Structures are given as structure tokens and as C-alpha cells.
Amino acid sequence: MSFTAPSDPVNRPTKVKVSQLCELCHSRKALIRRPKNLSKLCKQCFCLVFETEIHNTIVANKLFQRGERIAVGASGGKDSTVLAHMLKLLNDRYDYGIEIVLLSIDEGIVGYRDDSLATVKRNQKQYGLPLEIFSFKDLYDWTMDEIVSVAGIRNSCTYCGVFRRQSLDRGAAKLGISHVVTGHNADDMAETVLMNILRGDVARLEKSTAIITQSSGSPIKRSKPFKYSYQKEIVLYAHYMKLDYFSTECTYAPEAFRGTAREYMKNLEAVRPSCIIDIIQSGENLVLKAKKSNAKKRVVKFVDGNRCTKCGYLSSNNICKACMLLEGLEKSRAQVAIENDTSNDGAALKLRALEKLSF
Amino acid sequence: MECQRCPASSRELATVESRKERFCNECFVKFVNTKQRKQMMKDDFFRNLFKVIYPHDKEGSVAKILLPLSLSDSGSLVMFDIVHDLLLEQMKQHNNHTGFTIDILTIFSEESLSVIKERMECLVNEKMLQLNKVKNIFNVHFIDINEFFNSTSELSNLIIDDENFEIFSKLKLVNDSDRLTLREILSKYCLNNSSRADLISIIKNQLIKHFAYENGNDAIMWGHSMTKLSEVIISLVVKGKGSQIATFLDSDSFDTLGNKACKYKNIYPMKDLLSIEIESFLQIKDLAKFLINVEETNIKPNCMITKKSTPSLGQQKLVKNMTINEITTKYFQDIQNDYSNIISTVLRTADKLAQPVSNIAKPSQCQLCQSRIYTNPSNWINRITVTSPYPIETCEEEFLFKQWQESRLGKSHTHYVELLDKIKKDPTNNHDASDNDVKLCYGCLILLNTSIKDKNLMWPKIDTMESLVNKSNDNKELNQILNQFEIHSDGEE
């Protein structure tokens with residue numbers, strides 16, 4: 001009897017069935033099913049489609065002008081890392097002629113932001129882009145850890161959201177940049193549409209899906225090139241392109257109400273995977289009725305472009321939201337404190353560690 | 001605990017607690033009645049419809065109102081009960097005259113016929129007969145849901161190109177072999193419960209509206225509570241039908257059905273009431289016995305102090321088996337404790353919405369749901385979706401591509417592309433590449449593309465629907481109830 005060598009189980013080529021092939025190229029094995037249209041795609045087709053769709057969004061909405069300097073809001077997370085990578089790639093590929101700067105905000109959350117900023121610093125080297133970091137401590141003399149120790153963990157997102165938005169604008173203004181690009185994706189956009197309806201935020205309802213936002217009188221405009229990109233696809237793209245990103249969620253609790261909307265959308269996706277883009281489509285068609293003029297009522301007309309009397313930042317009221325929050329915080333600041341006290345640093349991290357303890 | 005609404009001298013025991021107030025049975029019934037009647041008197045149009053107008057013999061002095069009664073839904077039953085009491089009051093106060101008559105329309109399917117018959121018999125005997133003995137106030141109509149497929153002479157053949165989201169449609173005269181029943185349609189096309197529920201809802205809605213159009217009704221009274229309306233609003237947003245919210249809630253304008261302008265308006269008299277209040281009303285007035293699909297031991301969430309809800313013993317549905325509306329209902333139930341005013345906020349916000357400005361050249365109606373189309377859905381999706389492949393690079397990829405081409409899948413794809421090309425070139429076909437004649441709204445395009453098995457759907461053309469008024473009650477068994485009902489229907493005694 002002749003000897004038959006055993007087949008090599010490791011290097012044996014796997015046979016791809018025709019039904020497993022990508023629905024676009026029909027020549028490579030499909031790896032993902034796109035939630036948007038349920039098509040099965042291979043890695044190469046997915047990456048090409050993903051990049052081209054973002055390029056199309058940029059071009060169709062005329063997001064950039066040649067020679068423009070743009071600041072990418074970089075947190076080190078998946079969205080902003082993919083955004084920085086993508087803008088550099090598309091700028092080189094399609095010659096937008098823009099100058100990209102990474103702009104990071106250090107909120108002062110020990111055990112979270114310090115680690116994610118380390119990722120941004122690595123990204124800076126990997127992509128060869130300039131990086132500027134502005135901190136809450138420098139701008140407001142408060143860190144998020146200090147704020148949480150005074151105001152409690154429940155309101156952390158309110159403070160962080162207001163200060164970070166303002167910090168990005170202030171940072172961009174200091175760098176002489178008038179365009180901040182953020183990594184808000186389709187999931188964020190859909191969540192916002194739902195939350196604005198659920199909370200009855202009529203003032204924001206019509207603008208909840210705007211890809212470019214700018215207040216009149218403000219030198220800074222913001223844009224969201226990932227408006228139509230699913231979070232899942234962003235994560236997959238980062239994975240396939242082996243991008244270096246920081247994947248831990250903020251150690252402070254996410255806003256409770258947003259959490260409920262997120263959970264609701266997760267359930268909806270199980271039934272209708274396209275629901276995220278469907279919600280955005282609905283959001284684009286939400287229009288408010290014209291207001292009836294009421295002569296009896298004294299109408300205080302809101303003027304877009306008002307300035308805060310304290311700090312000079314854009315505000316719809318006399319005092320901007322950040323100054324109002326700071327005023328409240330200052331009242332609660334301890335009169336006497338231990339010098340070089342670090343007990344509040346990383347409070348959230350400790351809390352998270354305690355939560356995970358089991359006996 | 002005492003009722004906070006009774007006069008201080010004679011306070012009854014409280015049985016219901018709602019909106020931080022305690023009510024006795026009588027005060028709660030009055031509270032619910034007032035909420036509904038306030039909506040029925042919301043503007044001059046509805047005030048003139050519902051109040052008694054003198055002289056009585058003046059033409060048009062008695063309005064014809066359509067009340068779609070679903071015996072599986074508490075809202076429409078409670079609405080019917082309140083309207084019944086209102087009519088009774090009007091007859092007492094105005095010497096047997098009423099401001100309006102009611103056409104009750106119940107849509108049934110074969111499976112639910114026997115139980116609907118039994119419940120309607122009870123309802124006719126207990127509620128309607130008393131008033132109809134004096135005057136013909138209630139007219140009961142039944143329509144088989146399959147009439148939607150049987151009553152049209154033309155079908156739209158909708159073909160979806162799932163690669164480019166283009167829609168082709170061709171009109172077709174109906175042969176008997178084309179006629180399908182609802183059950184066949186649902187099993188042939190629907191992939192999940194959600195798409196099934198969506199199609200059923202579209203069909204019922206159109207049957208009701210078509211009936212109101214033909215029957216010459218002045219208004220349709222929908223039994224949606226505030227909770228139900230909020231659920232529908234959020235569901236519309238989720239299904240990509242946000243543009244339809246303003247039309248759905250509109251009770252100021254006359255309705256349209258396809259291309260037809262209607263002479264009726266839609267009204268939601270229960271929109272100020274929460275579903276828990278409606279369920280409590282149902283318990284107090286002992287109306288649950290008229291409902292179908294309700295276990296006697298299972299009481300839905302309510303705001304009664306004495307008779308709390310009992311959770312269903314049946315297993316909770318898996319999320320993937322739920323419909324979008326059910327997921328939304330569950331979401332509202334889950335967050336109601338922490339965010340109590342969310343339901344009223346959603347409705348208040350939606351009431352502030354207007355119809356969006358149309359981006360298409362020619363005004364079009366969706367051939368599936370009959371709603372107005374504002375943007376070309378195919379163009380919108382194509383703008384944000386790329387379908388061009390990454391080039392073939394290696395010999396192995398080339399080999400796999402050839403293998404695919406020669407396979408059954410590849411051949412059927414080639415055939416599909418050739419067929420689409422032929423359809424595109426056929427001058428008798430319309431397709432949505434231009435904005436001239438858009439066939440489907442965004443929500444229905446996605447419904448067909450993601451939840452429907454066959455991308456080739458035969459759907460009745462509503463404009464060619466025959467008269468449903470003649471077809472209603474076309475059922476021997478149901479006629480037995482109506483015969484009993486018609487004894488006194490000739491006029492006043």
C-alpha cells in the first residue's frame with residue numbers, strides 16, 4: 001500500500017462557496033452584512049464603499065474649501081480616530097487641498113482621558129498631523145473630576161458637554177481655525193432626532209440632522225462627515241484598517257435619558273436594521289408650523305449671535321450656559337482644601353472598579 | 001382615601017388615581033367624558049357636526065360620523081361608549097333629536113368572524129338597540145379585510161431593484177388567478193411580524209377611509225389615546241415616515257385618498273386621555289366583556305386604586321418577534337416611571353409639525369400607503385449609498401468570479417440585470433429615475449426592500465376600488481344580527 005501524506009490542516013486553502021461571495025465584486029468572501037441595505041460585502045469592497053460614501057457626503061454638502069484649515073475634534077476614540085485617518089486619506093486621494101489639525105480637549109478625568117490622549121498623541125505621529133490640546137483646567141480652572149466631586153456624578157454629562165463644546169470653539173479660535181469637524185455618526189444623529197422629539201426640544205428639532213451648523217456671528221462652523229455612517233461600520237473599518245484607537249467608554253455614567261434612547265434603538269435594529277438611517281430620513285423632513293403672531297403677547301425676539309456679557313462667547317441669553325454652570329460650581333467650591341489633594345482624581349475610575357468587585 | 005372631586009359634604013371613596021388626583025367612579029367617568037367632549041368641540045367645524053342644530057329638518061343638520069370600532073382595542077370601544085352616552089343625553093334634552101348619527105365600521109377577517117359576531121350581538125343588544133328603537137342612530141357595517149384585494153379592478157405591479165433602489169411599476173387588470181387573500185399575501189411576502197403588522201395597518205386604514213369617502217361621512221372618529229398617538233408618532237419616525245406625522249394628526253383639513261379629495265375630516269377625540277385612564281374607564285363601566293382576544297383574568301395597566309393590572313402569564317415576546325409599534329409601546333412603559341410626561345411631550349411636539357416642502361416636480365402619492373411623497377426615496381438612498389465594487393486583483397479572485405458567473409446564482413443575476421434592462425426600456429413601464437412620477441414613499445420602499453421576500457409585489461390600485469358600502473354586511477351570519485337590528489330602523493316610533 002502506498003503512503004498518503006496527511007493533509008495540512010493549517011495551510012489547507014479553504015474553499016469559498018459561491019453563495020458566500022461578496023454581492024458587489026462576486027470574487028471575494030463576504031465578511032459583513034451592511035445594516036443600511038443588508039448587502040453582503042467583502043473587506044475590500046466594504047472599505048472602498050465606506051470611504052467613497054464619506055467622500056460623496058463631503059462633496060455633495062460642500063463641506064470643505066480648498067486652502068481651508070480644519071480642526072478635527074480628536075478624543076482618541078473610534079469615531080475621531082477613523083475621522084482623522086479618513087480625512088487624511090481622502091485629502092490625499094481626492095486632493096481637497098485642506099490642512100488638517102488635531103484638536104483635543106483634556107477634560108481632566110484621571111484614568112480615562114489621560115489614556116485616550118495618549119492614543120491621540122500616537123495618532124499624531126502615525127498620521128503626521130499637528131496636535132493641539134486644550135484643557136478644562138486651563139480654560140475654566142476646573143477638571144471634570146473636581147466638578148463631579150462638587151456637583152455629583154448624575155450631572156457629569158451636562159457639564160462636560162457644555163464645556164467641551166465651548167472648549168473646541170475656543171481652541172479652534174486660538175489656532176485661527178474656523179472649521180471644526182467632529183466624528184458624530186449616524187447613530188448619534190438618530191439618537192438626537194429621537195431625543196429631541198421625546199424631550200419636546202422644538203428649538204433643536206429642525207436642525208437635529210443638519211450636517212453643518214453655525215450660529216450667525218460665530219466664526220466657527222462645525223460639520224459631521226459621518227452623518228450617514230453607522231457606528232458599527234466605523235468600528236469595522238477601524239478594525240480592518242488596524243487603526244489605533246482607545247475603546248474604553250467614559251468612566252462617568254452616560255446620560256441616563258440618552259441611555260434609554262440607545263437601548264430602544266438597539267431593540268429596533270433587531271427588527272429593522274436600517275432604522276438608524278430611516279430615523280435620519282424622518283429627521284430631515286421634520287418641519288415646524290409657522291408661528292401664529294400674537295399681538296397681545298410681548299415677543300422677546302431671539303437674536304442669533306448674542307454674546308455672553310461675562311465671557312463674550314456666543315449665547316442666546318445674557319450669560320452663556322458655561323458661565324451659568326461655572327457660577328454654580330464656584331458657589332459650591334470648598335473654602336478650605338488640602339494642598340496637592342489628589343483624592344478626587346480618578347473618582348469615577350475607582351467607582352467603576354468598586355462596581356466590578358464581587359464576593 | 002376620598003375622591004377629591006366630589007363636593008365636600010358628600011365625598012365618595014376614591015377608586016382611581018390619575019394625574020396626581022383621586023377620583024370616585026362617577027367623577028372619573030365625568031372626567032373622561034369631559035376630556036373627550038372637549039376634543040369633539042375643538043373648533044367650529046366639529047362643533048357644528050356634533051351639536052343639535054335647529055330646525056331639525058334642515059338639510060345637513062344631522063352629521064354622519066364614521067366610528068371604526070375595533071373590538072380588540074379599548075380606545076375605540078370607550079369612545080363608542082362615551083358617544084353613546086352623549087347621544088342619549090342629546091335625545092333627552094332635545095326631544096329625541098341628535099346632532100349626528102354614527103356609522104360603526106368593523107373590519108373582520110375569517111378567523112375572527114365568529115367571536116366578532118358574538119361580541120357585536122352583545123353590544124347591539126346592550127347599547128345600540130335602546131337608542132335605535134327611538135331613531136335610527138347607529139348603523140353597523142362589517143367589511144371583510146379581503147375586500148381590499150377583491151374590490152379593485154387593477155393591480156400595480158411594483159418591482160424593486162434592490163441594487164439601485166429603483167422602483168418600476170406596471171398597471172395590470174386583475175384576473176381571478178391574481179387575487180390573493182390577506183393570509184396568502186402575508187405569508188408570500190412578509191419576512192417578519194413587523195412587516196405583517198405594517199401591511200395590515202395600511203390595508204385597514206385604507207378600507208376605513210375609502211368607506212368614509214363613499215358613504216359620505218363628515219368625519220372619522222379615531223379611538224387613539226394620547227399614549228397610542230405618541231407610539232404611532234415615534235413609530236412613523238423610526239420607519240422613515242416622519243414627513244407623514246403632520247398629515248396623520250391633521251384634523252383641520254379635509255382628507256385626501258389617493259388623488260381624490262374627501263369631504264370628511266379626521267378627529268382624535270381621545271387624544272387627551274392616557275391608555276391607563278382608558279383601561280380604568282373600561283373596568284369601571286364593565287366594557288371589557290365586549291372585547292375580543294382579552295383573557296378575563298388579565299387586566300391591562302390602569303390607574304385604579306382597587307383593581308391593579310395583572311401581568312400576562314404568557315411568555316414575553318422576544319424582541320426580534322415584536323413589531324416596531326410593540327417595541328415602542330414597551331419603551332414607553334419602561335420609561336414612564338422615570339419620565340412621566342414623555343407621552344404628552346411627544347404628542348405636543350408632533351402637533352407643532354407641518355408638512356415638509358416637496359422636492360419632487362410632480363405631486364405623487366405612495367402606491368402602497370397612499371401618503372403624499374415629498375422626496376424621491378431612490379435618489380436619497382442612492383446619494384448616500386455606493387454600490388461599485390473594489391476591482392478584482394488576484395488570479396484566485398478571477399477564478400472565483402468566473403465560478404460565480406457560471407453558477408446558478410450568477411446566471412440568475414445576469415438574467416435579473418437583463419430583465420431590469422428590458423423593463424427600463426419598456427415604454428409602458430414607469431420608473432423612478434426621474435422625479436416625474438415617484439411610486440413609493442421612503443418608508444414603504446424600505447419596507448419592501450428589507451422586510452418583503454419577493455421584490456415583485458402585486459398591490460391593489462386604490463383608485464379602482466369598487467364601492468365598499470354595498471359590500472359591507474355581505475355576510476349571511478352577520479346579517480342575522482343586523483336583521484334583529486333593522487326591525488326598528490325605519491324611523492321614529
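Backbone N, Cα and C define each Cβ position, glycine as well.
Remember, TrEMBL labels are computer predictions, not curated facts.
TrEMBL lists A:G73, A:A74, A:S75, A:D79, A:I105, A:G183, A:D188 with the feature ATP binding site. Counting only same-chain residues six or more apart in sequence, the Cβ atoms lying under 8 angstroms from the Cβ of A:D79 (ATP binding site) belong to A:G183, A:H184, A:N185, A:F226, A:Q231, A:I234.
Within the model, the domain 'tRNA(Ile)-lysidine/2-thiocytidine synthase N-terminal' (A:70-254) shows a mean pLDDT value of 89, rounded to a whole number. Residues annotated as domain 'tRNA(Ile)-lysidine/2-thiocytidine synthase N-terminal' in TrEMBL: A:70-254.
Cβ atoms under 8 Å from those of the domain 'Cytoplasmic tRNA 2-thiolation protein 1 C-terminal' (A:306-337) belong to residues 140, 142, 147, 150-151, 158-159, 162-163, 166, 169-170, 215, 217-218 of the same chain, restricted to positions at least 6 beyond its ends. What TrEMBL lists as domain 'Cytoplasmic tRNA 2-thiolation protein 1 C-terminal' is A:306-337.
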Residue counts (helix, strand, coil, in that order) that DSSP gives for the domain 'Cytoplasmic tRNA 2-thiolation protein 1 C-terminal' (A:306-337): 12 helix, 2 strand, 18 coil
According to DSSP, which kind of secondary structure is A:A74 (ATP binding site) found in, if we only use helix, strand and coil? coil
Helix, strand or coil: which one is A:G183 (ATP binding site) in, per DSSP? coil
Spatial neighbours of A:G73 (ATP binding site) that are distant in sequence (at least 6 apart) but have CB under 8 A: A:S80, A:L103, A:S104, A:I105, A:L168, A:V180, A:V181, A:T182, A:G183
Per the record, ATP is bound by A:G73, A:A74, A:S75, A:D79, A:I105, A:G183, A:D188: how many Å separate the farthest pair of Cα atoms? 20
Tell me, how many other CB atoms lie within 10 A of the CB of A:S75 (ATP binding site), whichever protein chain they belong to? 22
Secondary structure at A:I105 (ATP binding site) (DSSP, helix/strand/coil)? strand
Same-chain residues at least 6 apart in sequence with Cβ under 8 Å of the Cβ of A:A74 (ATP binding site), in sequence order, are A:S80, A:T81, A:L83, A:A84, A:L102, A:L103, A:S104, A:V120, A:N123, A:L131
